[in-house]
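Peer 1: Checked TrEMBL, it gives:
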type: TRANSMEM; residues: 30-53; note: transmembrane segment
type: TRANSMEM; residues: 230-251; note: transmembrane segment
type: TRANSMEM; residues: 257-275; note: transmembrane segment
type: TRANSMEM; residues: 313-333; note: transmembrane segment
type: TRANSMEM; residues: 353-377; note: transmembrane segment
type: TRANSMEM; residues: 448-476; note: transmembrane segment
type: TRANSMEM; residues: 496-520; note: transmembrane segment
type: TRANSMEM; residues: 560-579; note: transmembrane segment
type: TRANSMEM; residues: 599-621; note: transmembrane segment
type: TRANSMEM; residues: 633-655; note: transmembrane segment
Amino acid sequence: MVDERKDGAYGTPQKYDPTFKGPIYNRGCTDVICCVFLLLAIVGYVAVGIIAWTHGDPRKVIYPTDSRGEFCGQKGTKNENKPFLFYFNIVKCASPLVLLEFQCPTPQICVEKCPDRYLTYLNARRSQDFEYYKKFCVPGFQNNKGVAEVLRDGDCPAVLTPSKPLARRCFPAIHSHKGVLMVGNETTYEDGHGSRKNITELVEGAKKANGVLEARQLAMRIFEDYTVSWYWIIIGLAIAMVLSLLFIVLLRFLAGIMVWVMIVMVILVLGYGIFHCYMEYARLRGEAGSDISLVDLGFHTDLRVYLHLRQTWMAFMIILSVLEVIIILLLIFLRKRILIAIALIKEASRAVGYVMCSLLYPLVTFFLLCLCIAYWASTAIFLSTSNEAVYKIFNDTACSVAGKTCNPETFPSSNESRLCPGAHCQFAFYGGESTYHRALLGLQIFNAFMFFWLANFVLALGQVTLAGAFASYYWALNKPDNLPAFPLFSAFGRALRYHTGSLAFGSLILAIVQIIRVILEYLDQRLKAAENKFAKFLMTCLKCCFWCLEKFIRFLNRNAYIMIAIYGTNFCTSARNAFFLLMRNIIRVAVLDKVTDFLFLLGKLLIVGSVGILAFFFFTHRIRIVQDTAPPLNYYWVPILTVIIGSYLIAHGFFSVYGMCVDTLFLCFLEDLERNDGTAERPYFMSLTLKKLLNKTNKKPVES
């Protein structure tokens, strides 16, 4: 291989240092100012959390709220036994006003049960059902008004329709019309004066509202699937964990064989997928309705409909075939370079074997990330619910005071009530005009920024810890005799004691880029309705640039952390040295590093594919032994996708340790080539396998 070391734009190669024997132990604190900034930011973050917890009320998220801003089903309140929210006129929830005010412009009350029958106010008033009907009128309703006054003042709904609770809210059951008076083919009800009015518009309007709620019904069905399949999902994830551990253990002893077996298995899995898609495609031949195109069918929330179309399976087959061809071509052209990657994986296998506790470190990272996520989520919820109840005037017709704030206690006797006789003063949303309420958006942004900063800090801490442990292995001349005791714990202690500031610096840069990306996404959502093509083009360019910048910073930070773990230098110096070292060996970086990443990706695909196929056969009742064990599901793809995504995350966690080990050994390997020449005074620290691949040898000392 061509030696790429040279002086010039990318610095000078590392010089031989007879005192260097691996990660430096006598080091000092780095980037202290950033450490102080991080501590101050954490103190401020805690203060924001305390303020949010003092003012916030998470009940606003859990419990629905009636027109007076009172919670339904909240223990210790007058609505304790009324857990469901009832809308007087659900049709108005389909109004565009809902998108602006986040509240249906119709009275809402808390009820014990949703209506189970069709009933009009006029019919109920003349029958024995009036006591039942009064349960759906405003609290304290007295039957001392005329019909017109009751309906005008919004004391009672004009019509009750059979409803079912969904997310603690009563939504109409469209297909049930028990109690409706049928006259010919027309649905009518009497208005109390002998005339009959058509309520087809009511039913059609309810159907439109039901279309708006279709997404919620889909969410409820998915939730039901989780409630009956969570146990099996956990078993599937446990299988993925066992497979990941087994794969890593076998990789330690049979790295070369396992890599090639892994490649063949991925090809076979994709081949089976192609075969299965073809069999489904052939089975649907001649079946009624299977030749309908995806475009003609349109979008449906029941995704099982698409599995009855031949075009769906043809699309799956084409996608899998393209992936199969791409992987085979890459293997043909990269077969020689794969051998070098295998050597690095074998070396990483030995390193992980000597530092076995490194496989458990992702659990530490996961635990710390869970703490960050929990604190961020709870703070965000308390901030979003720390507003005060705001009441506004709602009216069906044009009104000069509609939309203005009001007081529900004094509204009936106010001038606004006289200006708009049909208006209602009801709860609109939670807000406020105080300084605290005006600062809520800024506090939410600060909350998100601190989450990014702390999450990146946790990831950086893990990378420096693993890099320090694996670097101790590489720079031990006689492995494992020269390995320090407890290398992982030593590296963790050095990272926290000396380099908290450097980790804070690197994670701060990444957090700034990430929060900018979040702001750009927010602005993009706000500008979607605009027709300014230049603004859309500029926003797309900015989003693309910051995405690329984030990827580059992640790559640079990762290698900078490795240099910090080895030399104990500050972040900027480590980032510069790592960048120059990689640029001086750019060909090796492109060949070795990326091919290794590709092999790790194949390993993840093998684990995810195996667990995914097992989950598919289980949840679709295609395994005869456990046909009666598999739970009945609305959508079998719900647990299957959950298992697949979870398996990928689990495999990624285990392979991240391996990936960090390979990257650390790679940088140490490049440093080894620049520092040493194989003489007795400057021997190579790399393994025998790597020396054979690179035609390098350590010369024996000349005996005098």
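Just so you know, glycine gets a Cβ as well, placed from its N, Cα and C.
As the structure is a computational prediction, the values presented were derived from the model and not from experiment.
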Peer 1: So, taking each listed stretch (30-53, 560-579, 599-621) in turn and counting its Cβ pairs to the transmembrane segment (496-520) that are under 8 angstroms, which one gives the highest count?
Peer 2: 30-53
Peer 1: Out of 30-53, 560-579, 633-655, which stretch has the largest tally of CB pairs under 8 angstroms to the transmembrane segment (353-377)?
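Peer 2: The stretch I would name here is 633-655.
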Peer 1: Who are the chain neighbours of the transmembrane segment (230-251) in space, where the CB to CB distance is under 8 Å and they lie at least 6 residues beyond its ends?
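Peer 2: Distant contacts of the transmembrane segment (230-251): 258-259, 345, 349, 352, 359, 603, 606-608, 610-611, 614-615, 618-619, 630-631, 639, 642-643, 646-647, 650-651, 653-655, 658.
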Peer 1: Restricting to the same chain and to residues at least six past its boundaries, which positions have a Cβ under 8 Å from a Cβ of the transmembrane segment (599-621)?
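Peer 2: For the transmembrane segment (599-621), the far contacts come to 229, 232, 236, 239-240, 243-244, 247, 259, 262-263, 265-266, 269-270, 272, 327, 338, 341, 345, 627, 630-631, 633, 636, 639-640, 643-644, 647-648, 651-652, 655, 658-659.
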Peer 1: Short question: which residues 6 or more past the ends of the transmembrane segment (633-655) have a Cβ under 8 Å from it?
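Peer 2: Those are 221-222, 224-226, 228-229, 232-233, 236-237, 240-241, 243-245, 247-248, 302-304, 359, 362, 366, 600, 603-604, 607-608, 611-612, 615-616, 619-620, in sequence order.
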